[in-house]
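A.B. asks: I have a structure here, written as structure tokens, and I will follow up with some questions on it.
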Amino acid sequence: MENNLQVNIFCIQKSDEFKTWSEKYSKLISKYATLKEINVFNKKIALAQNLNAIEAKKSYEEAFMPYKKGYCIALDEKGKDLTSIEFAKLIQDKNELSFFIGGAYGLREEFNQSLDFRLSLSKLTLAHQFVKTLLLEQIYRAFCINNNHPYHK
């Protein structure tokens, strides 16, 4: 199978506590697409998070701006709820997908609105580290749906 699709995941995160699970799904996704995971965390974000939510969200946005390319999706609890089949349709036939996972304070409304789509994985507030792992599983599931693989039953 030819891997023409580029999938990018950008996350405000120091380290990956769910590394074993992330690696599992990253390997599975590689059968369908080239995957790039970038944990974005710098001194400005660390300082801003200690100031307030507004400054933190601004620092997240500044860190993410250079990566806005392809079909851009924000992970946001106020985003649209999709079934796995609907998500598979959403990402089907795209050349490049870029997913943005904010830090502890989420993302600014203006940033979310500047992207192509806002996706909610749950109405619950989830740890951003966990969101990334859950997103990887759903991306793999979507590829399986789109390729008639039995993983999704």
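Every residue number used here counts from 1 along the chain in the order it is shown.
Glycine too: its Cβ is placed from the backbone N, Cα and C atoms.
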A.B. asks: Do you know which of Leu35, Leu47, Leu51, Leu75 Swiss-Prot groups with Gly102, Leu121, Ser122, Lys123, Leu124, Thr125, Leu126 in the S-adenosyl-L-methionine site?
C.D. replies: Leu75
A.B. asks: According to DSSP, which kind of secondary structure is Leu121 (S-adenosyl-L-methionine binding site) found in, if we only use helix, strand and coil?
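C.D. replies: In the DSSP reduction, Leu121 (S-adenosyl-L-methionine binding site) maps to coil.
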A.B. asks: Would you identify which of the binding-site residues Leu124, Leu126 has the most other C-beta atoms lying within 10 angstroms of its C-beta?
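C.D. replies: Going through Leu124, Leu126 one by one, the largest Cβ count within 10 Å is at Leu126.
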A.B. asks: If you count CB neighbours within 10 Å, which one among the binding-site residues Leu75, Leu121 has the smallest count?
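C.D. replies: Among the binding-site residues Leu75, Leu121, the lowest count of other Cβ atoms within 10 Å belongs to Leu121.
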A.B. asks: Which residues of the same chain, at least 6 positions away in sequence, have a Cβ lying under 8 Å from the Cβ of Lys123 (S-adenosyl-L-methionine binding site)?
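C.D. replies: For Lys123 (S-adenosyl-L-methionine binding site), the qualifying residues are Glu77, Asp81.
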